[in-house]
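First up is the structure itself, then whatever we jot down about it.
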Amino acid sequence: MSRMTSSALSTASADALTSLRRNTPLVQVITNRVVPGFTANVLLALGAAGAMVDIPVEAGPFARAAHGLLVNLGTPGAEQREAMLEATEAAGDAGTPWVLDPVGIGSAPVRTPLAHVLVARGPAIVRGNASEILALARAGSGGRGVDATDAVDAAADAATAIAREHGSVVAVSGPVDLITDGTRIARVDNGDALLTRVTGGGCALGAVMAAFAAVADPFEAAVAATASYCLAAEDAAARADGPGTFAAHFLDALARIQPADVRSRAAIA
Amino acid sequence: MSRMTSSALSTASADALTSLRRNTPLVQVITNRVVPGFTANVLLALGAAGAMVDIPVEAGPFARAAHGLLVNLGTPGAEQREAMLEATEAAGDAGTPWVLDPVGIGSAPVRTPLAHVLVARGPAIVRGNASEILALARAGSGGRGVDATDAVDAAADAATAIAREHGSVVAVSGPVDLITDGTRIARVDNGDALLTRVTGGGCALGAVMAAFAAVADPFEAAVAATASYCLAAEDAAARADGPGTFAAHFLDALARIQPADVRSRAAIA
Amino acid sequence: MSRMTSSALSTASADALTSLRRNTPLVQVITNRVVPGFTANVLLALGAAGAMVDIPVEAGPFARAAHGLLVNLGTPGAEQREAMLEATEAAGDAGTPWVLDPVGIGSAPVRTPLAHVLVARGPAIVRGNASEILALARAGSGGRGVDATDAVDAAADAATAIAREHGSVVAVSGPVDLITDGTRIARVDNGDALLTRVTGGGCALGAVMAAFAAVADPFEAAVAATASYCLAAEDAAARADGPGTFAAHFLDALARIQPADVRSRAAIA
């Protein structure tokens, strides 16, 4: 990708952040039991808002009105699975952009087939680590819970294949994040290892992508979300003494980060 | 409300905090998936204790023994709805004061009728933002998730109507909080906007009201809870660099706040 | 217990921490609604990893592959109860060490019989406060939620009885923690009262015990977990201004604590 294009993506990311702050998109969050609080705090800090509406009968109507939707498969009980199906159907019908995070799929006997059903509905963005993206392309061996045991680059082909088959942007998280729409590939080389020591570091990024997808096209949204999020992690790491203080400073940094920071500091290739 | 009465409410609030610290009331918390950790930490920091007992068969017996009960409608799955009905029936029977927080009702097709069933059981306190209180009085148009899109004052009439019909104290949160028992109206002008950037800021206040309701009458409890909570937010904001560090400092401030602070600094009108 | 043995336990605890850091055990966490985030962050900070796999059909297979398992009875809905039975059966079959935390049992009509079913399956470690351990030995009167109303020493006989009957190590938390395998008794006199002002302080320790049980025998694992955890609490208390900042510093301290600290500072008798 030429320097020109990288620069254009940095500018587009900065503009998307401006737009997000102006519109305060409301994201419907259907996520696992571990991360709802952190996810909601991330959205609020950044300038969006989250609402966890994950019960049947309510999930569908809400998905029509929300500006974005996250479906995270971490701990999908029976009611939540029903809510996921209801919400994604309504989102598809109403044009609400949604993000699929296929947490821990591979050998997981409930989540894996559910992820395949959901990806076939064409989410705007699919976000996962390399193991999960490989598993979603039916090419992987499964990860161990939420860790990535496969390298990001190994998942590039799988990501491209999913993007082309389902018309989704696919974002693969790792030391360098990879984002593709099946044609273009962007790499974002920002962030800090402390982000991997805080639970929900990846899960909350899915919600941020849903917030950006409300104000930008899916490819730019995934890039802007990754860049903003990872830059805030860099700022937080500079102040932190460990993963506990990092989490607090990270929320502060999300609230403080400016479009100009994204334009100047995002390392997008 | 005369200066005399405001001063009396500040003194009553300070006394209620003294009483809470002495009695460490145990609050049964039936709340949404996003905020249980923050809610429990708020109760512990202040000097009370929380126990999330929200499964059928256990919720009822526990409500008889608890000193207070919070029923928050944020994400009510089927089992939790059953537990809510069981707990509020037992609380009514045993005289356990309970707080209803009708999160996000209005257009929500499950929560809205449930809130109407529950309010008819006469909670000691109903707590919500203006949109939720208007919706509960069947006068509102519904909010967007947990945000207040209606002004607090617009909800004053609805709050008074609910208070009179159900014998409940009604607390409407906003930049200035309004509390009424249907006859008296108190306004608490403390707090900080950062409290709205932390998820559960409103939800945890409902649990604090339930804790105070264990040691004071519902009107004084709602005022004391609001004043103590909002003063701690002011203290935390003075030390915070953003919403992440604010949340940590807020818990510290709840643990530190003294009855004398409430008496001297509460802005109750 | 002789000074020699205490010293040997300190060394064994230090070695277990070295081993945990080297192996980064993956702990399956089946826990209550209040503490999943804190629990996962504690595991990550210390150098282990957690995965909340608590739905039927997935819980069993995962328990075969995980390095340790925590079953915490705080808020067991119907699906989670089924997952607990499935996971503990698979863990027993596959030899995965697991920890039972019988939160709030005693008078609780669902959790109490469930705890008795589970303890009969021979967990590697049972962890609870004095009230819970007494209730599990059918000798107690039940606590109030998650508080200990009985002294740790009063539970020593009950702990020994459970240890002998089920072949489990039993850890009783309190100002001084007591750990027994039915023959030996260790007491760990570290920690700080602030740990009791943070929700999940006890629950997350159960997950840490499961992580250590992946790299040491259950008795040493329970001692090493308690010592490492309580020493980190001491470090955090020295930096904290209250329970909110304590929680952040506690995670930092867990990430920073070294085997040499455990060897020199653990007060094991």
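All positions are counted from 1 along the displayed chain.
Any Cβ shown, glycine's included, is placed from N, Cα and C.
Marked as substrate binding site by TrEMBL: B:Met52, B:Gly200. Per TrEMBL, the feature ATP binding site maps to B:Arg127, B:Ser173.
Structure coloured by features recorded in TrEMBL.
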residue	record	DSSP (3 states)
B:Met52	substrate binding site	coil
B:Arg127	ATP binding site	strand
B:Ser173	ATP binding site	strand
B:Gly200	substrate binding site	coil
Pairwise Cα distance for B:Gly200 (substrate binding site)/B:Arg127 (ATP binding site) [Å, integer]: 13
Those residues of the chain, 6+ apart, with a Cβ under 8 Å from that of B:Arg127 (ATP binding site): B:Val99, B:Leu100, B:Asp101, B:Val170, B:Ala171, B:Ser173, B:Gly202, B:Leu205, B:Gly206, B:Met209, B:Ala222
Neighbour count (Cβ, 10 Å) for B:Ser173 (ATP binding site): 29
Subset of binding-site residues B:Met52, B:Arg127, B:Ser173, B:Gly200 within reach of chain C (CB-CB under 8 A): B:Met52
CB contacts for B:Met52 (substrate binding site) [other CB atoms within 10 A, all chains]: 28
Neighbour tally for B:Gly200 (substrate binding site), based on other Cβ positions within 10 Å of its Cβ: 28
Short-range binding-site residues relative to chain A, from B:Met52, B:Arg127, B:Ser173, B:Gly200, with Cβ separation under 8 Å: B:Gly200
